[in-house]
Amino acid sequence: MFVKLCGILAFAVTYASSDCLQCICKKESECKPVGCNDDVGSLSCGYYQIKLSYYKDCGQPGKRAGESVEAAWRRCSDELDCASTCVQSYYNRYKKQCAGTGQGACEIMARNHNGGPRGCKKSATLGYWNGIKGLGCS
């Protein structure tokens with residue numbers, strides 16, 4: 001029974017994260033490959049407006065042999081599957097920082113996406129989270 005319950009909970013978290021990814025994508029770019037934009041002194045690129053440091057933290061998905069990290073970041077950010085993999089990997093890497101906050105998977109994903117590894121604990125990310133909830137995610 002315990003194993004079955006764990007499987008159901010794992011499916012629910014994955015499903016919530018998939019819906020949440022769509023809401024974050026919509027909030028950041030209307031889910032379009034928008035290229036790079038200046039964002040508080042550094043560039044944010046693509047579907048999820050990913051910064052270079054975030055791309056490095058998410059494990060540099062899609063980086064090709066011989067490709068510079070910067071070129072891979074710009075390209076990956078404008079490819080929906082690659083960018084989604086990056087956001088999901090970033091969430092998986094830093095979600096443990098939010099243990100004990102009582103926040104659901106989507107709130108953790110959204111607030112960390114907006115505010116960095118401990119974004120779930122920053123009051124500055126509450127407005128972003130409210131915007132995600134306004135898109136129908138929770």
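A Cβ is built for glycine as well, from the same backbone N, Cα and C atoms used for every other residue.
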Recorded disulfide counterpart of Cys82 (Swiss-Prot; options Cys76, Cys86): Cys76
Swiss-Prot annotation, disulfide partner among Cys86, Cys120, Cys137 for Cys98: Cys120
Candidate in Cys6, Cys20 joined to Cys106 through a disulfide, as Swiss-Prot lists it: Cys20
Whichever of Cys31, Cys45 is disulfide-bonded to Cys36 when Swiss-Prot is consulted: Cys45
Disulphide pairing with Cys25 per Swiss-Prot - partner from Cys23, Cys31: Cys31
Mean of pLDDT values spanning the domain 'I-type lysozyme' (19-138): 97
Gly115 (substrate binding site), number of other Cβ atoms within 10 Å: 18
Candidates Glu28, Cys36, Lys51, Gly115 (recorded positions) - the one closest to Cys86 (disulfide bond) by CA: Lys51
Spatial neighbours of Cys36 (disulfide bond), counting only the recorded positions Glu28, Ser53, His113 and Cα distances within 10 Å: none
